[in-house]
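Enquirer: Take a look at the following structure, please.
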Amino acid sequence: YINYKNMSHQHMLMMFNLLPVGSNISIWWNFGSMLLTCLVIQIMTGFFLAFHYTANINLAFSSIIHTSRDVPYGWIMQNTHAIGASLFFICIYIHIARGIYYGSYLNKEVWVSGTTLLILLMATAFFGYVLPWGQMSFWAATVITNLLTAIPYFGTTLTTWLWGGFAINDPTLTRFFALHFILPFTIISASSIHILLLHNEGSNNPLGSNSDID
């Protein structure tokens, strides 16, 4: 009698043991790859949602309801995109906490590129939050963009340019949709730089121990 299940289990363990990763890597090192997975999911679901979205203040909310109710599997895309955004932030905060705990901020290039990624992600999330153009979307767009007026000399001009007028209106929503669509591709570029810098410095080994010791 041959226990094929046990053999396949042992084979799988052997495959994982062949990976050049020492036991000094813990579960907290998973979140970087989880963030990349989140990014792929968000781009894929967002791409399909963009097919059915209308960047118009009178039609935006209706187009989202239409996606949820009438488009085949639209509700899955919409919910995955919304929940995926929350998961994205959970993962990135754990990822940052791990970096703070292990002193990864000492690796300045990787840390600065990561901080840039966080700012880009927060900007993308903000623009996406405004897109349904519900009551909270309107409030968020007004309050957050008004912060730009605090910039001396050209703050008011910058705010007017971002709004596309003297108040939040249709041009604002169009611009926010364009920015929400293009920023994830900027995040991909910044992530590539982050990963290149990461492997250049060997940030996966904060203790400085031999990765092949076991």
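Cβ from N, Cα, C; glycine included.
Marked as transmembrane segment by Swiss-Prot: 31-51, 75-96, 111-131, 176-196. Residues annotated as heme b b562 binding site in Swiss-Prot, with similarity to another entry given as evidence: His81, His180. For His95, His194, the entry in Swiss-Prot reads heme b b566 binding site, with the evidence type similarity to another entry. The ubiquinone binding site annotation in Swiss-Prot covers His199.
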Enquirer: If I count Cβ-Cβ pairs under 8 A between the transmembrane segment (75-96) and each of 31-51, 111-131, 176-196, which range comes out on top?
Expert: 31-51
Enquirer: Based on Cα distances to His95 (heme b b566 binding site), point out the closest of the binding-site residues His81, His180, His199.
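Expert: The smallest Cα gap between His95 (heme b b566 binding site) and any of the binding-site residues is with His199.
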Enquirer: Measuring Cα to Cα, how many angstrom lie between His194 (heme b b566 binding site) and His180 (heme b b562 binding site)?
Expert: 21
Enquirer: Measuring Cα to Cα, how many angstrom lie between His180 (heme b b562 binding site) and the residue listed as 'ubiquinone binding site'?
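Expert: That comes out at 29 Å between the alpha carbons.
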Enquirer: Can you give me the Cα-Cα distance between His199 (ubiquinone binding site) and His81 (heme b b562 binding site) in Å, rounded to a whole number?
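Expert: Answer for this pair: 30 Å between alpha carbons.
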Enquirer: In sequence order, what residues of the same chain, 6+ apart, have a Cβ less than 8 Å from the Cβ of His81 (heme b b562 binding site)?
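Expert: Non-local contacts for His81 (heme b b562 binding site): Gln42, Thr45, Gly46, Leu49.
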Enquirer: Looking only at Cβ atoms, how many others are within 10 Å of the one on His199 (ubiquinone binding site)?
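Expert: By my count, 11.
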